[in-house]
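Feature list (source: TrEMBL):
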ACT_SITE  Glu445  active site, proton donor/acceptor
COMPBIAS  22-35  compositional bias 'Basic and acidic residues'
COMPBIAS  38-52  compositional bias 'Low complexity'
COMPBIAS  69-87  compositional bias 'Polar residues'
COMPBIAS  164-183  compositional bias 'Basic and acidic residues'
COMPBIAS  193-204  compositional bias 'Basic and acidic residues'
COMPBIAS  214-228  compositional bias 'Basic and acidic residues'
DOMAIN    269-543  domain 'MYST-type HAT'
REGION    1-93  region 'Disordered'
REGION    164-228  region 'Disordered'
REGION    524-547  region 'Disordered'
Amino acid sequence: MFLTLKRNAGSSSEGTEDSDFSAEHTDSSESDVHTVRNTRLTRSSLRLSRNSQDIKQSADHDESPPRTPTGNAPSSESDIDMSSPNVSHDESLAKELSLKESGLAHRPKRRRFHESYNFNMKCPTPGCNSLGHLTGKHERHFSISGCPLYHNLSADECKVKASSRDKHVEDRMLSQRQDENRHSARQQAQTERQLRYKEKVTEMRRKRNSVPLKEQKDKYTEHKQTHCSSHEPLLENITSDYDLELFRKAQACASDDLEKLRLQGQVTEGSNMIKTIVFGRYELDTWYHSPYPEEYARLGRLYMCEFCLKYMKSQTILRRHMAKCVWKHPPGDEIYRKGAISVFEVDGKKNKIYCQNLCLLAKLFLDHKTLYYDVEPFLFYVMTEADNTGCHLVGYFSKEKNSFLNYNVSCILTMPQYMRQGYGKMLIDFSYLLSKVEEKVGSPERPLSDLGLISYRSYWKEVLLRYLHNFQGKEISIKEISQETAVNPVDIVSTLQSLQMLKYWKGKHLILKRQDLIDDWKTKEAKRGSNKTIDPSALKWSPPKGT
């Protein structure tokens, strides 16, 4: 079913002008100098050839030929020592110029082996000699992320996998260059190569044996008992070979990024990097570096109060703090409550310490976050889940008090222990609910993190499919969809293009109402239920004024 857009989307392309640069010819004085040098070189070459003939004649009377400083007989005039006092200055200059032209002089200095590595550091994996790297591109490693032994591989196997990955990237870039003219608004269909590749991946996933054999189970158990936590668990047959290879590629890319940061001095080996945090009843592994004070960062593990977000050095200090801490929920005003889910609005100016601690905590799990201490111009909306002990932090998002570009989210995070449970979409939906109350069209601030982009893409897809499912007319407008959903028109168009639902036919832009996608969305919506949705009637909030 096709829906006609009410207004044709005009496209304006800005032409780019190529600048032509003309090279200037050298002046007459430079050409004269070049002529004099050529003349001097010719005369000096004649003298040099005469001297070499004299040397050959005197060498015929000797039993052994003259030796060069390296101990080898000179094979040509280039091996004669020009520093001899019998050779004139002009001949030395001529010889030097001839060596420069032939590329034999001023050879680049060979780089010393491992000059960028600190040999005092060692890999923490037991039995590892720190040689090799998971990426196959470095000679040494100093962390578990780059240790081949930890990943049940050898250094040679890592190099073979690296060459295979490079070849795959080259083939993919070549195919993309061949298809670069295909991606336009008028052609969104997949190519035959992409369809064949999709069928190949589907077949690989279908062939996987989901039930491991007894020998494989015994092998996994023996590996776990032998190496415990010093080696990565065996991952074979947990998923398909295709998905396992994707995971290996992601591991190699992450390890390569960490190695680049280490060489740049941004991450040092084994110091100033918090590995884990104790947060409530959870112990969380961190993903990225966060600029905590050095005396805390060098410990490797932090202990945090899950209510006031104060960070401490030891379990004893945390236990004493929890006995005295009176906080059971975030500061600020509770503006939403439905069941056990609550949302608190926290002003960065009124609760500066709490918001700074929240930003430092978020940086442990976000790559693109750069704001830590300047929190006064922002409002923080903290989502919690309540039980008999208090309101536990689920996630949060922040937004500017006065955003000129109508960004409704500056930073968004779901805590790792609550991921893949629907809380991320609840936070996104709540941010758009605030935009609807403000009667504005919102959009998240760029750049989005990888997980954030996936969550927003999924949310925009559900919003558009729900709108098209309830829409009964024949003509539709992007502007009307934007006003109804508070989603930016740019995000709507990009989502329609990614779903292959936007077509251009006979001078008109059409939206293809794909019933298969709508049916899939209805099935997932029925399974999910209404537990993880935002109820607009539970919001008790009015837009802040004069903040």
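The backbone N, Cα and C atoms fix where each Cβ goes, and this holds for glycine too.
Distant neighbours of the region 'Disordered' (524-547): 335-339, 345, 347, 379, 401-402, 421-423, 425-426, 429-430, 433-434, 436-438, 462; these residues of the same chain sit at least 6 beyond its ends, with a Cβ under 8 Å from one of its Cβ atoms. Helix, strand and coil residue tallies for the compositional bias 'Basic and acidic residues' (193-204), in that order: 12 helix, 0 strand, 0 coil [DSSP]. Neighbour count (other Cβ atoms within 10 Å of the Cβ, all protein chains): 17 for Glu445 (active site, proton donor/acceptor). Taking DSSP states H, G and I as helix and E and B as strand, the compositional bias 'Basic and acidic residues' (214-228) has 14 helix, 0 strand, 1 coil.
Predicted-model confidence for the domain 'MYST-type HAT' (269-543) is 89, expressed as mean pLDDT. Taken through DSSP, the region 'Disordered' (524-547) splits into 8 helix, 1 strand, 15 coil.
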